[in-house]
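Engineer: Please see the structure below; I have some questions.
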Amino acid sequence: MADWTRAQSSGAVEDILDRENKRMADSLASKVTRLKSLALDIDRDTEDQNRYLDGMDSDFTSVTGLLTGSVKRFSTMARSGRDNRKLLCGMAVVLIVAFFILSYLLSRTRT
């Protein structure tokens, strides 16, 4: 801080006040620069996350379309008659076994 007791004239006081004012202005300018940089980083990160979420939305939309078509075909096959019920049960068993095999293999690769 300024040393007011050593100031001998009004010119010295003005010089001290001017130096302190410049120091505080420089400090404020550096803080503003840091805040601006932080705001720009947040903006960039937000835009990246929005792009990522838009991509996920389109992925989920396409997966929903695929699953809807599969469910319709599966339902049509189930309603088509008794002969297909054996096939339907066989497919269900194969899918369940495949699920357990894949989960086992994935658990082994992670450990």
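Glycine residues also receive a Cβ, built from the backbone N, Cα and C atoms like all the rest.
What you are looking at is a predicted structure, and each value in this text was computed from that prediction instead of being measured.
Marked as topological domain 'Cytoplasmic' by Swiss-Prot on the basis of sequence analysis: 1-86. Annotated phosphoserine per Swiss-Prot: Ser9, Ser37, in sequence order, evidence recorded as similarity to another entry. Sequence annotations record features per position, and here Swiss-Prot assigns domain 't-SNARE coiled-coil homology' to 15-77. The transmembrane segment feature in Swiss-Prot is assigned to 87-107. Summarising the annotation, Swiss-Prot assigns topological domain 'Lumenal' to 108-111 and lists sequence analysis as the type of evidence.
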Engineer: For the topological domain 'Cytoplasmic' (1-86), DSSP counts of helix, strand and coil?
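Structural biologist: Per DSSP, the residues of the topological domain 'Cytoplasmic' (1-86) fall into 74 helix, 0 strand, 12 coil.
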Engineer: What does the structure give for the C-alpha distance between Ser9 (phosphoserine) and Ser37 (phosphoserine)? Integer Å is fine.
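Structural biologist: Per the Cα atoms, Ser9 (phosphoserine) and Ser37 (phosphoserine) stand 42 Å apart.
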Engineer: Give me the mean pLDDT over the topological domain 'Cytoplasmic' (1-86), rounded to a whole number.
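Structural biologist: Averaged over the topological domain 'Cytoplasmic' (1-86), per-residue pLDDT gives 84.
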Engineer: Taking the Cβ of Ser9 (phosphoserine) as the centre, count every other Cβ atom within 10 Å, in any protein chain shown.
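Structural biologist: If we count other Cβ atoms within 10 Å of Ser9 (phosphoserine), we arrive at 8.
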